[in-house]
Amino acid sequence: MAEFIALIPAAGSGSRMGEDIPKQYRPLASKPMIYHALRTLCSAERIGMVCVVLAPDDTEWARHDWSEFAGKIRVFGCGGATRAESVTNGLKALRAENHVQDQDWILVHDAARPGLSRALVERLLDQLAQDEIGGLLAVPLADTLKRADDTGRVMCTEPRERLWQAQTPQMFRTKLLLEALEKAPTGITDDASAVEALGFSPKLVTGDAYNFKVTYPQDLKLAELILQERTATQN
C-alpha cells in the first residue's frame, strides 16, 4: 500500500522579505514560520513522515526546539540553489535511506505557507489518493489580469475563465515526480509544472485564500491574524 510522505523544501534565503535570517525562520505567532506548516502536516494521521530539506550551511534550524515533531520528521541538509533542486535532492536522500518507494505519494509544501489547514490536507489526500497522476491545491483566480508592455502600460486584459492560482501541497508519486524534476526545463517554479512538461495533466483540488504564500513583509500581519484566529477557534 502506498504511503504518504510530506516534503518541505526549506533552503531558500527569502531575500524579498528584507530580513537577515531566511524567511522560513522569521518569527510568526511566536514560532518560526516553518513551524506552522510542520505542525499541520505532522498532525495528519495518514502522513507517515515529514521530510525537511535545509541548505547545507543552515545554522538556524538547530537554534529551535522541534522535539514535538521528533517521531515524524526527517531532516536533510541537501538543499540546492533552486526549489526544484531541493525537492530532487530530498527525494534522492529519502530513497538512499529506503524511506520511500516509487509508488509512494509525496506532498511537497512551501515552508512559507503557514496558513495550510488540516482540512485542506485531508481534502487533498481524499481526492488524489486514487488518482492516476496526482495534483495540487489551487484556487480559482478572482482578480482581473492585465498584461503590461515594456513601459508599464496595459497591453490587454486577459480572460480569467479557467485560470487557477497554484498553491501547495502538490502531490505526486515518487517515481513520476523525480523523473519530472530531473527532466524539467529551466525556470520552473513548482512541481506541477515539471509534471506538465512530461505531458501529464495534474488535478486541481480547491484550496482556500488562507493558504497563501508569505512573500513580502506586509504579508506577515495577515498570516499572523489567520493563525491567531485558528488558535482561538481550536481553544
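Each Cβ is built from the backbone N, Cα and C atoms, and glycine gets one as well.
Quantities reported herein were computed from a predicted structural model and do not represent experimental measurements.
Listed features, source Swiss-Prot:
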- ARG16: site 'Transition state stabilizer' (SITE)
- LYS23: site 'Transition state stabilizer' (SITE)
- ARG160: site 'Positions MEP for the nucleophilic attack' (SITE)
- LYS213: site 'Positions MEP for the nucleophilic attack' (SITE)
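Taken residue by residue with DSSP, LYS213 (site 'Positions MEP for the nucleophilic attack') is part of neither helix nor strand, so it is coil. Under the DSSP three-state reduction, ARG160 (site 'Positions MEP for the nucleophilic attack') is assigned to coil, being neither helix nor strand. A 10 Å cutoff on Cβ-Cβ distances gives LYS23 (site 'Transition state stabilizer') a total of 24 other Cβ atoms nearby, all chains included.
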